[in-house]
Amino acid sequence: MSKAKISSVWFVPIVAALIGLWMAYQHYSSLGPLVTITMANADGLTAGKTTLKSRSVNIGKVESIILSDDYSHTIVQARIDKPYAGMLVEDSQLWVVKPRVGRGGVSGLTTILSGAYIEVRPGVSDKLRDQYTLLQEPPLGDPDTDGIRLSLYSEGNKSVEAGTPVNYKGFEVGQVEQVSYNTEAARIDYILFIKAPFDDLIATNSKFWIQSAIQLKMNTEGLSVQMDSMESLLSGGVTFGFAKGENPVGRVASGDSFKLHVSEKEATEGNFERFVPVLMFFEESIANLGPDSPVEFRGIRVGTVIEAPYRKPIESEVMSKNGIIPVLVHFEFERWFDGSDIPTNEEWYAEMQEMISRGFRATIQTGNVLTGARYIDLDFYDDAAPVSEPLIQVAHNAGFKMMPSIPSGLTRMAEQISSIMKKIEQLPLENTVTELNAVLSNANRAMATFDGAAAKLDKILINEESDADLAATLEQLQKTLATYDSSSALHQDLRQTVQSLEHVLWELKPLLEMVNQKPDAFIFGGQVKDPVLKKDTTE
């Protein structure tokens, strides 16, 4: 039997098939990985046209765009060129580049003609990844820039946006990269990036606060206005520094946390390590007196109100009956003592008790007429009432020392006026007026009698009437004059009336003298003479 021979015609399709397989192998072997990107919508993206870029270099293309099974979001599949497959790792970031108007200005204008594209920022992880969630906004900060990232937190309202610059003495040294709300801690968390070499300016005792674009200051020289750059005026900013008298202590590392204060004053003046807690009790309104309100002694700040009113439960019948309001304050030694002269708490308590025995009291005053802000003023008062022993026990039971208080100037003036009015009401004015009217009536009758006697005397002297008539007239005159004798009832009534009037005028004398010397005393109250402080020489 003869063997079947393969016709040479088959060589052509076989070679073609092998070439096709080789080409197919070459094509698929050259393809990069396929990644899945989840996004809210595919606005501006087109399958087979939209590209993936990194630093303006094409690294892939979108192959398909479909809806998720529940139609709640969009799923985009994109093919990455094989040479760039290593860019897609766990910490890589993807976002859509398109025209945007933000805090930093207008970006993405080049996409108006070329169309939107997906930007890829490679990560530093060594673990590959093929599924990503698209970022809604472009990430802030360049990963290749040297510097540190710090965490800030604030318990107030949100007042800083992502992209807000971080300034230091007029230089932009970083920016706020992220803003989020921490539901567990009930606060706002911020991520800041500080560029090198400015990161060397941050120390463990640095203070961060929100920068005010416009600062108004009013003093004895007038009103001064300080304004930062127009950019700061429009976008605001965050800045940092140190508390007054402090020097940098220790270096910080990425991830360290700091509190974001609302103002420079709060940041640089509200943090003192040495303080004495004292509980004060007030029998008047504490409206507009709250946390961070100053405590002053003759214009010098010596402490801060911590809690007004003090809300922890204090069981006291004395407080509930009189409506007394407790206020917790801190006496901050570092405000008026040098570091080497700061006394111990026991030494300060002993000194405070000695001052209290000399009339040292607290009172609430108005610090700003426009805003109504109030503060606690400390001073010596000669007419201070004795310290309430029950309130001392109440403070002791709460774990504090007690500082006694007196009513404010307006309250004291109102009490003084009320006391004077009560004394006037208690005077027997009605009886006095009645007695005075009776005296005047008797005086009128006496004068009429005297006039009649004088007329008769004239007739006697002129007509030379009989001695009997003269004797009768003289007898009548003696009776009339007797009514004015010191032992007569008329004289006694008149004397009592004059004494009552003199008593009324004596009660009104202090008020009249105060108004005569200082007409505005009804508004501001009288001045209290400052006692002369003497240095304690006892050892």
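Any Cβ shown, glycine's included, is placed from N, Cα and C.
What TrEMBL annotates here:
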TRANSMEM  7-25  transmembrane segment
DOMAIN    34-123  domain 'Mce/MlaD'
DOMAIN    150-211  domain 'Mce/MlaD'
DOMAIN    286-380  domain 'Mce/MlaD'
Summarise the domain 'Mce/MlaD' (34-123) by DSSP state, stating how many residues are helix, strand and coil.
10 helix, 45 strand, 35 coil
According to DSSP, how is the domain 'Mce/MlaD' (150-211) divided among helix, strand and coil residues?
4 helix, 35 strand, 23 coil
For the domain 'Mce/MlaD' (286-380), give the DSSP counts of helix residues, strand residues and coil residues.
22 helix, 34 strand, 39 coil
